[in-house]
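Structure record follows, encoded as structure tokens.
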């Protein structure tokens, strides 16, 4: 129960003889990001006032970053079970069974605020942290992905943030030897003061023994392994749980400093140590450092841990207990090991160039007891720190916020009438041809090629990358056995992975936008032939203390839940990042677009049958699977110019309600797509995303070098709607004439078996003329040279940065 105080009452409380302390409580609470009600609850639980070290421990462990005090009730509604799920939310990472004795471990996490302050180190340590979550479970890291958001690139500050973040990601990933195989990047003014850096990692394990974090074995030794502990990253968890301001932007000590070469040794040493059977439990030291690792290991194991800070390897002299406990120095682990194994493990870790010390033991009493300079400096119930943490009570508004009610009034009828060759641009009241509309959309950084970014990443290290960044709708890596003694898996299996979120859609309808993010991720996996298995999510939102902010978060969680249930993709865990707001000097607060990033993984049984997005040969037929281009498109709310890239970037309007998400239709389209890929009926596949039909066709042309002849059916629909409307459940495929016969035959056969919600539509043919030609009723609508499309698309971000 939340207790509220008048200032007078709180002063009386803290000055009472029972709770009197030597430090200034008010300033200490402000420093730790705690409320007066939190302090009263701490005193109630302890039946005494906390000392300054203990208050710091509560500050980080009761922060949103560590305990999800604002979001936990919403997360409980996610579907978390399934036939392949071995480990769900609550551990360092999720684990799914992919057959043949192999398990896939994966998770996504944010490093947003540190990257705003120090983009290189913030992004680099974000990569290091997510890798530790993976190998702490006993899995070898095999791939990295990322989802990034920045402000517009006409601002030098945003360019600097982009360059720093990309450099940090590439530095850490390249040095540690894990390929960065995919991701997504978006740009919007809402991220100008608060960029988003979400890192996802995948790992492979071939043992039945999953290393968990719950400590056990009374009296068993606690082992510290890895890097030394310094003063970097002090209070990082609390820092990540508050809005960014001019003061916090200057708070560089809250950003950690990473060493990827040491992490590489830590990976190998930990995996070797796990094979000995000596390790009972393992926990990496991420947010809240030693405090969090000790608290979580003790709480999950329903035991206690005694930690002697005098034995912790220190990087700097004169460190206080407070600094040891809250430091977030990187590349550190805490183990509980079997008695008698200490020396053997010590030799192992030293051989890999790591610090290793026995720093404590497991206790029967369920407390975290900390010793420094021979004295007990903290003694707290483990559950109070890591399990029985506060939950904020928010009143969920029961009506759509006013800003959305206004946006949802917008209709396509408010746009100028379309002409055969173009449209009047609302933004400046000038005519723009369809050719130039397409070129303009391809030059937008959110749509344009991200080759400037991914060419800085080593995506071929480990030699398992099957699909390189930008080649297909999802990244694909080969599953290569890590152990000679494992059950012999098929050599040609693969894992597909993707990260997705259309933040503009989520801003304009949090529930529909979030459903769409899940559906698009599943559609992208299906477009390479992968069966979606499960998701991890990163919920990036603004302050939940504002009614609209909490409503957005709640509606988003509802949308994710609905989509995951419909598409059979359980949630294995993830991360919540709140208070992504920028406070300007005039006290104006700018919230980011709500951005629930969906990381999804899928299984491919034969990587020789995957599809990329490029046309394969001239004269192939181009088909669209899903919603048809027919007269009734005007009445179909599943396809719309509302909330579209066309509306925002051509007309300067970010408005309207995003299209309806038909999850049953999505499921049918995905299953059909996977099957025709498996049967070898189609040569390429690409979903229709930002920019709609014409941008998707242009993308296929650019990546292949071939052109396309597209003939739009006669329609009463607006031309811009046919060309650039957006919506789900639509995929382009190409196939030969003979394959087209098989495509129609297979569609007819399944149509006879039951109710089919989608159609297949012949749109045209691949050509060798190096041109994209779009016509309707013998009128040429678009006629663009592929080289012009390619130059615009490939160089857009580079030109913005070097202008």
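Backbone N, Cα and C define each Cβ position, glycine as well.
These figures come from a predicted structure and were not determined experimentally.
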Of the candidates 256, 283, 511, the one that Swiss-Prot places in the substrate site of 110, 111, 112, 113, 132, 328, 329, 330, 577: 256
Nonlocal neighbours by CB distance (under 8 Å) for residue 111 (active site, proton acceptor), same chain, sequence gap 6 or more: 122, 123, 125, 126, 129, 197, 198, 199
Spatial neighbours of residue 284 (Mg(2+) 2 binding site) that are distant in sequence (at least 6 apart) but have CB under 8 A: 92, 129, 132, 133, 136, 293, 332, 333, 334
Set of same-chain residues at least 6 away whose C-beta sits under 8 angstroms from residue 574 (ATP binding site): 89, 107, 108, 109, 535, 536, 537, 538, 539, 599
Residue 330 (substrate binding site) CB neighbourhood, other CB atoms within 10 A: 29
Residue 133 (Mg(2+) 2 binding site): secondary structure state under DSSP, collapsed to three categories: helix
For the ATP site built from 68, 107, 537, 574, further residues of that chain with CB within 8 A of the site's CB center: 75, 89, 108, 109, 536, 538, 539, 571, 573, 575, 576
Residue 112 (substrate binding site) and residue 65 (active site), Cα-Cα, nearest whole angstrom: 11
